[in-house]
Amino acid sequence: MVWKLRAGCKVNLYLDIVGVREDGYHEIESLFYPLPAPCDILDVRLSGGQGLRLSCSASDLGAEENILSRAYQKFADVTGFAPGVSVHLHKNIPMGAGLGGGSSDAAAFLSWLNARAGEHALARGELARLALMLGADVPFFLGNVPAWVTGIGEKLEPVACDLADYTLLVVCPAVHVNTKWAYRRWDEMRANGSVRPRKELTPENSPIMSLCFTKPPKLWNGFEEVVFHEFPTLYEVKKQILNHFPDACVMSGSGSSFVALFSSVECASRCAGAMRAMGHACHASRSGEPLGFDS
């Protein structure tokens, strides 16, 4: 039997770096929003004995192999459940795009293992704590609902963020942005005063109010200034998206992808066509369902 696990992505509708801890980790405030596309597919089979065998549609598993292997090993260490498993990963979420693909894969695999662990299965809170050992984004994908994220990404508060009136178009330029580089560059730019300080927030203009109770939502990403300085082509991509009159548009994570909100499906479709003509992959969804003009 083959289990086909769908591992969707996330976009950051809001992302601000609010501080640096003594251990060097950055504290953030962000709104994570789950999307069905692009998504990875994990073909999972039970095999004889114990241990994990991995293969991938991409030529190099790289970090994906590492996080799936660690997910299997951590779960086995904590629960004692270590079945023989074969996993083939169909990789559709681009790496270095700010969409959380590796974290999503790990969460889907952990959920599958836990569902088959019987008396060894972990309670929800225990599974979330194990997921956090793999990466700050992994617990989010276990719940897979919009969430206000703080700390270093480990503190999650589900929020009611209804975007049913919008088509969400994810545009994925073929550019890889390293997250560690982005944080390091943000540190450098902050030190020399070239990062704009965020505006003072009040209850009336808080991110939650601006994102969940304002139409159109006011999107923000503090990494844009940093990343656009190093990757001017990404700034040009955003300008091209804005030429198609989205209600809002922002870079996701540390890049390189963008999410644009369109109240008009027709405008979203035209934008997707233009982006594809420029060589950028596009994925659209509305009310949590993929739309047919993805590429």
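Every residue, even glycine, has its Cβ placed from backbone N, Cα and C.
Annotation source TrEMBL lists active site at Lys10, Asp137. Per TrEMBL, the feature ATP binding site maps to Pro94, Met95, Gly96, Ala97, Gly98, Leu99, Gly100, Gly101, Gly102, Ser103, Ser104. Feature annotation from TrEMBL assigns domain 'GHMP kinase N-terminal' to 66-142.
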When distances run from the Cα of Asp137 (active site) to each of the binding-site residues Pro94, Gly96, Gly98, Gly100, Gly102, the nearest one: Gly100
Minimum Cα separation from Lys10 (active site), reported as the residue among binding-site residues Gly96, Gly100, Gly102, Ser104 that achieves it: Gly100
Cβ contacts of Gly100 (ATP binding site) (under 8 Å, same chain, 6 or more positions away): Cys9, Lys10, Ile93, Asp137, Phe140, Phe141, Gly253
In three-state DSSP terms, the structure that Ser104 (ATP binding site) belongs to: helix
Residue among recorded positions Pro94, Asp137 with least C-beta crowding, 10 angstrom cut-off: Pro94
Segment-level pLDDT (mean, integer) for the domain 'GHMP kinase N-terminal' (66-142): 96
Protein Cβ atoms within 10 Å of Gly96 (ATP binding site), excluding its own: 20
Neighbouring C-beta atoms (10 Å sphere around the C-beta of Gly98 (ATP binding site)): 27
Cβ-centroid neighbourhood (8 Å) of the ATP site, Pro94, Met95, Gly96, Ala97, Gly98, Leu99, Gly100, Gly101, Gly102, Ser103, Ser104 excluded: Cys9, Ile93, Gly253
Count of other CB atoms lying within 10 Å of the CB belonging to Ser104 (ATP binding site): 28
